[in-house]
Every structure is written in structure tokens, then in C-alpha cells.
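Visitor: Handing you this structure, nothing more for now.
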Amino acid sequence: MNQRRNASSKSQPTKPLETKNPDISKQEVYKSQKSNFFSSEKNIFTLCLAFRIVNSLLIQTYFNPDEHWQALEVAHRIVFGYGHLTWEWRKGIRSYFHPLVFAVLYKVLALFGLDTPWFMAHSPRLLQALFSAVGDLYFYKLSNAIFGNSVAKWALFSQLANWFMFFCFNRTLSNSLETVLTLVGLYYWPCMRASPSKAPLVLRKWGLAIAALACAIRPTSAVTWVYIGLLELAVTRDRLKFLVLEVVPIGALVLGLSCLLDRLMYGSWVIVPLNFLKFNFLSSGGDYYGTHKWHWYFSQGFTVMLFTFLPFSIAGSIKSKCWKLSGLIAWVLIVYSVQGHKEFRFVLPMLPIALMFSGYSLSVMAKADSDSRRKGSSDSHMKRPSKVGFAIFFLLATNIPMALYMSLVHQRGTEDVMIYLSKEAQNQKVKGILFLMPCHATPYYSTLHYDLPMRILDCSPSEEKGIPDESDHFMMDPVSFVSTLMTNGSLPSHVVLFDSEEQLLRDFLISHSFTEIRRFFHAHFKVDRDLQASVVVYALAN
């Protein structure tokens, strides 16, 4: 009888569990589906890649000259035979490692006949979107390894929602790739795990190799890896093996390959990390491009990057008590604060780490809300929105407008003008271009993608301090400078300048048969100079 009863029960379909609160049942099903989604790395990567592709297409503004001049311009010269090399390449303080990544992309585009204006302008950021998605995936994996799955999900939300990551991560800066390598590398270091002794030591070799690669691309990345290396040295049992059999051979191998690559590209032996160290740290050469107060990263730079995530990151740092991560952020910010020349992008690799703490804080809030729902009744839950719901709304409402404004509106004129000139050049309407604006204010041949004479104002640092460069001379007396320039050379077919200088040069240009043909919006407010509201294009009358 019992067997028959059991058999009968097995043959019947399982009925859904009856609960007094159907809303809770639906929530549990939703949570289960969400958990299943995040259990697959493929799903996470697909989500991040789709997001970063859209992200890359929405970036249509100009942020930092190095995005074009130290990566794409060099890559364009390698593949197509023309492009401008800035003074850094003559001094040998830049490695070809990073530009060659985009040189491969340009070569593929050329082979398939896809080197059109649209692809030349957008494909580099689409490639960076792929790298960024890898960084997002490893950011999730690192968060999961340190804090668990719940924190990892909220950390990924913080990473994708943060305005500065949206604005900067997909740009073709060496700092962006450095950030990706930092996230991947940190995942493989045992000292970053919750239980370092349980992590396979083979992971450490991968972590060392990626750290060395990051330093080859940006020598200043060593600031991060010195901290991590010392942390690993403190927790590992086989310190001598770590130093002699891992750090030395792996570091020497990557450095040797990097030097061989630069030897091939430069045509002579150039030790880029040494030259970089001499210029930026021993001689403070970076100060030529401006300096900030010692506290800038703490009071403005990193604070602005975190934006409204700041209180969540601070709370998460305190609650998690993960001092090795907090120490890493503090160490990097302090070391970079010693240098006079400071930029947002320099500390980009630390932003995801801070956002990980924001994820921890949001996870704690979500758990508290979940606990209160279990204790309270269904009706009271419906009347009172959750704290984490308020937090999500607040973060999205503040970061989305900021991300879209900075990516689509602020300082877009210098990008738009080069895309326009590229199309005009393809139609044989441009013979030569003179840029009467601060140097490196626009993209160059990598966007124009047409071999014709172009002239920018030089701003190479002088061996002696205090000597103004060509760009400075122009800004001091635009009319006199341009008059001398055009008297001593042939007239270009097009002149590009900001409206602030155009007001001073309009009569001069008209008197030399130039007429305004296009005007592109650039910015609503000034950044570090007078307001550059628009970019103006003048053309020589036929």
C-alpha cells in the first residue's frame, strides 16, 4: 500500500508551493532567475560587452589629447605611412606596445577596405569596448572572490552606472588598457583573495605577467604593483621562490620583449621605462603641462570621478574592513599626489576598486531590506519603498545625465570638425589645413585619414624653463603671429580655430580671402582656458 501511494505521488506533477504572500513567491522566482544569470561568466561578459559597445558609440566628445595623439595617431603612421609623432616619441619616453594594438586594427580595416571615415572614427573605441568588457568581467570575478556573489553584482552595477567609467573607460587612452590589466591582474594575485593560502600559486605567475605587461604599457603602473608585490611578500610562505623564480624571470622576460619591440620600432635601443622615469619623476617634466595642489586627488580629482558614489564607497570601505584594498587606493593617491602634474586619468585604475566598496555598501542595504521584508507584512512593504531602491534611483538620476552630457555634449566640436573635414577631404575639397588653436586640441590624421598638408602649433617643452612655445606665442598675439606665419608660407585651403580666437582674427582672415563655412558647437562652459564655445572653419575662396 505504501509503495502504491509513493508511486502515485511520483507520477503526479509537482504543484507549486502555496504561500500566503504571492508577491514574495514572485520575488523569490525573480531572484532565482537573476542568480542563474549571474552564475554564468558568458552571460556577464555578453551583458558587459553589449553595454560597452553602446557606450563607445555614445562617446562623441574630446577629453584628453593622448587618446588620439599617443595611440591612434602613432598607429595610423605605422600602418598608412603618414601621421604626426609628438615630441615624446623623439625623446623615447613612449612605448609602441599600446599603439600597435590599434595598428593591428587599422591593418585589418585596410585589408578589407573598411578604412572609411566612419570606421576610422569609431572602430578604435569599439575595440576598446571589447577590452573594457573583459575588465568588467574580471572586476565582477575579483569582487566575487573577495566579498561574494551579492557584493559582486552590486559592484558591477556601480561600475556600469558610474559616470566617469562611462565617459572614460572606452577611450583609447593607455590608462584605459592599464585599468583593464589592473583588474585582470589583481584577480590572479593570491594576496587579494579572502583566503590567500587556498589560492593556487600558478595564478600568481599569471598575475605577475599581467602586472609586467601593464608596466610595459604605462611605467607608472609600477606604483600599484609595488604595493601588491609587498602585500604578497608578506603573506606568502615561499618568499625566496617568489622573488628569484617568479618576479625576476617574468619581469625580465616582459621587459626584454618590450625593449625588443621598441628597438624594432625606434630603430635603436631605447629603454622607455627609464626615459619615462627621468622625465616625469626625476626632472618633473610633466609640470610643463600644469600643476595642482598636493591634495587635488583627494579634494577634487578622485572625488569628482566617484561623484555620488562617494558616500557609498566610504561606507563600504569602513563596513567591509578590507584594509588591503583601502590601503591600495590610499597608497596610489598619495604617491601620485607627490607629483605636481595631476590628471583624472592617472588614477583611473583605482576607480573600480572604490566602486567595489560601493557595491559592498549597496549589498548591505539590499540585505537589510530583505530582512525587514521577511519580518514585516506584505502591506507595509508595498507602502514603504526600500532603502536600496532609493539608493539606485539616486545614483542613476545623478550619474546618467552627467555621463550623457560629458559624452555627447561637452567639448564635442573638435571631434565633429575632424569628421567633417575627413568627408570633405575624401571629396577632394580640402588641400591643406591650418589649426590656429592650442596644440593637440583636435584629432589629426587618424581621423582625417587623408594624406594632405596639415599644420598645428607646436608646444614641445623647451630645455629651459620659462621659454614660451609656439602655441603660447599665438595665444599672446594671434593677429601678429598669423600674419607672420602666412607671410612666410603658402596659404592653406582651410583654417580651423576656436571662436574665442576667431573674434580677433575674423577681419584678418576675411582680408586674405577666407570665408566662414562651418561652425560646430563645442562647450557651454570653460575648462582651463577662456570659453571655447564653438569651433569655426574658414575656407579660402576660389
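Just so you know, glycine gets a Cβ as well, placed from its N, Cα and C.
Predicted automatically and left uncurated, TrEMBL annotations should be read as such.
So TrEMBL says this about it:
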- 1-14: compositional bias 'Polar residues' (COMPBIAS)
- 1-25: region 'Disordered' (REGION)
- 96-114: transmembrane segment (TRANSMEM)
- 163-188: transmembrane segment (TRANSMEM)
- 208-228: transmembrane segment (TRANSMEM)
- 240-257: transmembrane segment (TRANSMEM)
- 294-315: transmembrane segment (TRANSMEM)
- 322-340: transmembrane segment (TRANSMEM)
- 346-368: transmembrane segment (TRANSMEM)
- 388-408: transmembrane segment (TRANSMEM)
Visitor: Sort out for me which stretch, of 96-114, 294-315, 322-340, 346-368, 388-408, has the most Cβ pairs below 8 angstroms to the transmembrane segment (208-228).
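Guide: The stretch with the most close Cβ contacts to the transmembrane segment (208-228) is 322-340.
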Visitor: For the transmembrane segment (346-368), which partner among 163-188, 322-340, 388-408 gives the most CB pairs under 8 Å?
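Guide: Between the candidates 163-188, 322-340, 388-408, the best contact partner of the transmembrane segment (346-368) is 163-188.
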Visitor: For the transmembrane segment (96-114), find every same-chain residue at least 6 residues outside the stretch whose CB is under 8 Å from a CB in it, and list them.
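Guide: Apart from its flanks, the transmembrane segment (96-114) reaches 70-72, 74-76, 78-80, 120, 123-124, 127, 172, 174, 177, 216-217, 258, 261-262, 265-266.
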